[in-house]
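Trainee: As annotated in TrEMBL:
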type	residues	note
TRANSMEM	27-55	transmembrane segment
TRANSMEM	67-84	transmembrane segment
TRANSMEM	96-112	transmembrane segment
TRANSMEM	138-155	transmembrane segment
TRANSMEM	161-181	transmembrane segment
TRANSMEM	193-210	transmembrane segment
Amino acid sequence: VARTASRPLAAGDISTFQSLVFLAGQLSLALCVLLCLNHYSIILGATSLSLVITYPLMKRITYWPQLVLGLTFNWGALLGWSAIRGSCEWSVCLPLYFAGVMWTLVYDTIYAHQDKRDDIMIGVKSTALQFKEDTKQWLSGFSLAMLLSLCVAGMNCNQTFPYYSAVAAVGAHLAHQIYTLDIDKPEDCWKKFASNRTVGILLFIGIVLGNL
């Protein structure tokens with residue numbers, strides 16, 4: 001698409017072969033990291049490969065590639081816990097994982113609105129094209145599900161007041177983000193997408209302070 005035409009592979013700065021060599025290097029390093037973990041985490045990490053492989057194809061077959069991206073990106077919510085504890089505490093990990101998936105649906109739908117004109121021409125799909133003018137209602141629903149899941153995860157691992165304060169701040173940030181979003185202005189979509197770094201920072205601070 002026009003927005004990504006200057007990226008190295010699309011612009012022809014690197015060849016397909018060179019990109020495959022780079023990918024092989026990344027996968028090899030990732031495997032080295034994975035093999036340093038416990039056996040439970042190695043198996044859990046390996047099971048994510050099916051998602052990693054299939055996600056790039058999803059825009060061709062479904063209007064919900066952002067959901068598959070969420071399922072892929074947030075596997076770390078499970079793997080991070082098991083890497084430390086040797087197994088997953090599902091009452092915490094599953095709500096946290098679900099919250100991450102909902103968050104991904106929020107920010108990547110916003111991201112997808114940047115490219116919707118090109119996507120229509122190319123013939124690929126996205127939640128931005130699926131939701132159209134109802135996007136804000138869907139984003140609001142995903143945000144609410146995310147916040148509720150974060151609360152459930154917090155309660156199941158005995159989080160304290162700073163954590164819930166951070167969750168409330170995240171909710172306020174998302175509400176403002178969605179309310180002021182202009183889905184027909186790519187530059188505003190990028191600005192709102194990038195502002196999701198604040199969501200991560202707020203939640204991280206809340207977790208740290210809550211445990212202190």
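Here the Cβ of each residue, glycine as well, is placed from N, Cα and C on the backbone.
Keep in mind that what you see is a predicted model, and the values were worked out from it rather than measured.
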Trainee: Excluding the flanking five residues on each side, which residues at least 6 beyond the ends of the transmembrane segment (138-155) place their CB within less than 8 Å of a CB in that stretch?
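Mentor: Apart from its flanks, the transmembrane segment (138-155) reaches 92-93, 95-96, 98-99, 102-103, 105-106, 109-110, 127, 131, 163-164, 167, 170-171, 174-175, 178, 181, 203, 210.
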Trainee: Counting only residues 6 or more past its boundaries, what in the same chain has a CB within less than 8 Å of a CB in the transmembrane segment (67-84)?
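Mentor: Tertiary neighbours of the transmembrane segment (67-84) are 37-38, 40-41, 44-45, 48, 51-52, 54-55, 58, 92-93, 96-97, 100-105, 108, 127.
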